[in-house]
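Here it is: the structure, laid out below.
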Amino acid sequence: MEHVVIIGNGISGVTAARHIRKLSDKKITIVSAETDFFFSRTALMYVYMGHMKFEHTQPYEPWFWKKNNINLKKGYVSEINTDKKELFFAEGDTLSYDKLIIATGSKPNKFGWPGQDLDGVMGMYHKQDLENLEKYAPDNTTCKRAVIVGGGLIGIELAEMLHSRNIPVTFLVRESSFWNGVLPAQESAMINREIIENHIDLRLGVNLKEIKSDNNGQVKSVVIAETGEEIECNVVGLTTGVSPNIDFIKDADIETGRGVKVNRYLETNIKDVYAIGDCAEQHEAIGQRRPIEAVWYTGRMMGETVAQTICGNKIEYKPGHWFNSAKFIDIEYQTYGWVWAQPKENEARFYWEHESGKKCIHINYDKKTHEFIGINNFGIRMRHEFFDKILTEKRSVEYVLEHLADANFDPEFYKLHEPEIVAKFNKENNTNIQLKKKSWKRIFSA
Amino acid sequence: MKAIKHTGLVIFLIGLLIFTASIFTGNFSLTQTEVDNFIAEKGYKSEIIKTELSKAVVGKELNIFEFSSNVRNAFDTSNKHYDDLIAKYDAEKNWDAKGQQYQYKIYGKPHTLSYNLAKKAGSGFIKENAGLMWFLTFGLGIIGALLFIIPNLILLGQPGIKNNGIYLESPTNKGLIAWLVLIFLVSFYLVLYFMPDYIVNWTYILDPISKALNGGEASQWFVYGFLYCVIMLVMGVRMYIKYRHNKYQIIRTTSVLFFQIVFAFLIPEIMTSLNMPGYDFKNAFPLDYDFFFEWNLDSLRNSGGIGLFILVWGIVLTLIIVPVMVYFFGKRWYCSWVCGCGGLAETLGDPYRQHSDKSLNAWKLERWLIHSVLVFSLVMTLVTLYCYFTGAESFIGIKSQWIKDTYSFLIGAWFAGVIGTGFYPIFGNRVWCRFGCPLAAYLGLVQRFKSRFRITTNGGQCISCGNCSTYCEQGIDVRAYAQKGENIVRSSCVGCGICSAVCPRGVLKLENGPEKGRINPTDILLGNDVDLMKLVNEK
């Protein structure tokens with residue numbers, strides 16, 4: 001019986017294992033050094049905030065693995081011998097495989113700052129980071145202030161986490177506005193306001209110079225490069241992005257760039273070795289996507305796809321229309337299709353913001369053809385199916401606005417802003433789009 | 001703000017302490033005339049009960065526990081006297097004499113007999129100062145609780161899901177305080193159901209309100225009903241603040257408060273004052289398990305037009321209104337919008353919703369238990385009705401009185417009350433609704449097989465975080481469906497809407513739509529390769 005070994009028990013590896021099991025009775029082993037069982041990494045923040053216990057982040061009960069005949073092995077793979085098809089563990093043992101899937105995810109970036117390895121300096125990625133945070137920032141007497149370096153999704157989550165325990169937070173963001181490499185200016189400004197309203201000390205356009213130590217090797221303060229200001233703190237969160245977690249294969253024959261290089265079949269240069277998820281790097285970017293996508297959803301899709309290939313139904317990794325979501329403290333965010341921070345030459349934009357300043361939508365469409373390209377929605381939920389269909393059918397922005405009621409996914413009784421949104425578009429574009437009533441028929445015809 | 005909160009807590013605890021301590025106060029004694037009148041009124045034939053009761057309570061100054069014990073002993077002695085005679089004549093084979101003795105026996109629950117006497121026997125500060133005592137108990141409790149709750153408007157920060165610290169704090173994380181609350185609630189229900197005479201002092205506090213509403217004095221059930229409404233109102237304020245960003249929760253909370261206060265409490269009280277049978281028009285059989293009991297049928301038949309109307313309404317409610325509404329809106333229209341049990345669970349129980357067991361084993365247990373109770377209630381009703389119309393004492397070998405008593409005790413008192421509410425802090429707020437309620441079982445069957453209601457999963461947006469499952473009070477592993485891109489169609493879902501509220505990615509939406517496509521199993525989620533999705537999902 002063929003033995004499929006998966007290194008990494010995150011969403012990519014576990015999705016692959018589940019689908020391989022559905023398609024075959026191959027022997028499957030999932031290897032992880034981090035935890036015994038699969039957990040949702042994106043939910044770690046809720047454990048610190050007290051919304052959940054760690055066990056709640058595990059989507060499957062412990063019996064699931066045995067019942068589905070998926071072996072779990074805890075161990076740290078230190079070396080891969082692709083000739084002998086064998087893994088060597090730091091603990092000393094070995095494991096041979098017939099097919100190998102590398103799904104080791106990411107690790108937090110560090111950029112060589114002085115003091116970046118002091119006690120109390122941490123990322124927010126692994127379960128161990130959570131334990132560290134619990135140790136150094138259990139409350140606001142142990143941790144009188146925390147400084148977060150890096151304005152991305154993990155940065156703002158870490159800020160929200162610390163804020164939930166009333167720990168004062170200073171948030172150092174390199175960009176002139178939060179996440180404005182991804183978000184257009186209006187949305188970025190909205191999130192700036194949200195951060196400040198939550199009493200987080202947001203510093204825009206600043207870089208970290210160094211982290212200073214006290215006599216015990218613990219964080220004492222950070223120094224800002226631009227101003228030389230020193231901020232006293234007990235914890236420093238480094239959230240300046242992630243990169244593929246592939247140090248352990250540097251010596252193997254597997255081709256790597258920033259990540260493990262894969263073709264569209266998620267195959268590496270070595271036969272029977274695949275890579276999926278955050279650690280996989282496409283030789284050439286797919287569509288407008290980046291060669292490495294450290295996103296939950298793409299990891300899952302690669303897992304779904306590679307399982308087919310391994311089970312004999314060789315299939316290309318072809319992710320569909322881009323979508324993503326996040327939550328910025330109290331503001332939910334979803335996006336379907338592409339809305340770049342800066343409009344491209346052929347693109348026009350329509351932006352509507354609610355008077356509360358906490359909801360908005362931003363639609364990107366083609367200037368000439370009016371084809372819908374993408375939408376950002378903040379504080380309003382939208383149907384994934386609706387926009388997926390719109391993008392597939394290449395509908396126009398007018399069509400989208402006309403059917404906005406179908407798209408809405410807010411809970412029942414929520415105030416709907418569609419008439420206001422359509423009116424604004426009509427006014428700005430001298431159009432006469434009439435909002436159609438919500439139609440179950442259209443919604444479920446997909 | 002924190003200071004106000006803490007002050008509120010102290011005031012609340014003082015109110016609770018006075019309320020609890022008030023049980024232990026007061027003097028209980030009766031005059032000879034009162035005892036005589038009582039015996040005459042009840043028509044007791046026992047020749048020795050008068051002596052025994054007089055000995056027990058006349059001219060004495062007793063606290064309620066001594067009083068209760070004396071009264072119960074008096075009844076015991078009287079019954080024992082005749083039991084001995086029965087045994088004696090039995091041994092002598094003197095059947096006539098033996099048969100005559102039964103009329104002297106006094107039936108009824110000892111604590112209820114004692115309650116009836118105690119209600120007349122009490123005197124003391126509480127009875128004489130009902131208004132002041134109301135303020136010191138209910139008043140302080142309400143003021144304290146509101147002072148504790150209202151500062152959350154500011155302390156919780158911006159509107160939004162603020163479950164911060166739920167698993168870090170003792171009361172909501174099964175800590176010591178949770179266990180203390182459990183002990184208090186369980187004791188409360190045990191006393192309420194089985195030892196009502198011990199809480200007769202509470203009825204004095206509410207006598208004036210009861211008289212104003214229905215013209216009569218307060219019973220322990222009036223105390224329970226009033227307390228129920230007060231608790232739901234106060235904890236409803238907490239819901240309004242906690243979920244102030246979520247209109248579904250606001251409207252739903254308003255609805256359960258309205259149905260509890262108006263339908264379950266006020267209308268029956270007013271009906272009683274008008275000499276009608278007090279009836280809760282929303283309480284559907286088989287949750288209203290004694291609707292078809294003889295005494296109720298008789299009472300309805302003897303109440304003229306209104307009685308007949310209630311009888312017809314009760315049957316139409318269960319057979320037509322309930323399933324039709326479930327078809328259109330799901331069982332939520334009842335369980336989390338109208339029902340009193342649901343109402344308490346959604347207000348007082350909200351802080352404990354995360355404790356429901358999500359394991360597969362719990363789900364198996366749930367299906368066995370709740371459907372067993374449904375069958376139990378139906379068999380009981382069948383036996384009762386058969387006996388009612390034929391005059392028989394039993395049917396298919398089951399004694400009517402026995403099965404009614406057993407159901408009332410096991411399901412009505414222990415399951416719904418003591419366990420259902422008492423265990424909130426440890427097992428979550430819907431233990432009864434999930435494992436025991438026969439009406440929920442019935443609604444659930446309709447919801448599962450013939451309804452437009454579902455929780456829609458938003459394509460591939462789920463990140464498996466687990467907030468939905470954690471906060472599902474019915475123990476549904478919502479995430480298991482959401483992460484597969486599948487809609488949630490489960491018989492136990494009461495549609496509280498919290499899974500949708502706590503979802504950080506906008507994945508879940510409660511909605512009523514066409515039946516087609518309601519159940520949509522998928523293997524490959526939306527967002528991946530279209531061909532692959534087609535290939536795998538359509539298999």
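In case you wondered, yes, glycine gets a Cβ from its N, Cα and C as well.
Okay, these came from TrEMBL:
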DOMAIN    B:453-481  domain '4Fe-4S ferredoxin-type'
DOMAIN    B:484-513  domain '4Fe-4S ferredoxin-type'
TRANSMEM  B:7-28  transmembrane segment
TRANSMEM  B:132-155  transmembrane segment
TRANSMEM  B:176-195  transmembrane segment
TRANSMEM  B:221-241  transmembrane segment
TRANSMEM  B:253-271  transmembrane segment
TRANSMEM  B:306-329  transmembrane segment
TRANSMEM  B:368-389  transmembrane segment
TRANSMEM  B:409-427  transmembrane segment
Ranking B:176-195, B:221-241, B:253-271, B:368-389, B:409-427 by Cβ pairs under 8 Å to the transmembrane segment (B:132-155), which is first?
B:221-241
Take the domain '4Fe-4S ferredoxin-type' (B:484-513) and find every residue of the same chain, 6 or more past its ends, with a Cβ under 8 Å from one of its Cβ atoms.
161, 163, 243, 246, 248-249, 252, 328-333, 335-336, 342, 346, 353, 366, 370, 430, 433-434, 440-441, 444-445, 447-448, 452-463, 465, 467-476, 478, 519-523, 525-526
What is the number of residues in the domain '4Fe-4S ferredoxin-type' (B:484-513) that are helix, strand and coil, as DSSP sees it?
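In the domain '4Fe-4S ferredoxin-type' (B:484-513), the DSSP-based counts are 5 helix, 6 strand, 19 coil.
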With a Cβ cut-off under 8 Å, give me the same-chain residues at least six positions beyond the ends of the transmembrane segment (B:409-427) that come close to it.
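Distant Cβ neighbours of the transmembrane segment (B:409-427) are 171, 174, 178-179, 181-182, 185-186, 188-190, 192-194, 289-290, 341, 344-345, 348-349, 352, 355-357, 373, 376-377, 433, 435-438.
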Below 8 angstroms Cβ to Cβ, which residues of this chain, lying six or more residues outside the transmembrane segment (B:221-241), approach it?
138, 141-142, 145-146, 149-150, 152-153, 156, 192, 199, 202-203, 205-206, 209-210, 249-250, 253-254, 256-257, 260-261, 264-265, 269, 340, 343-344, 346-348, 350
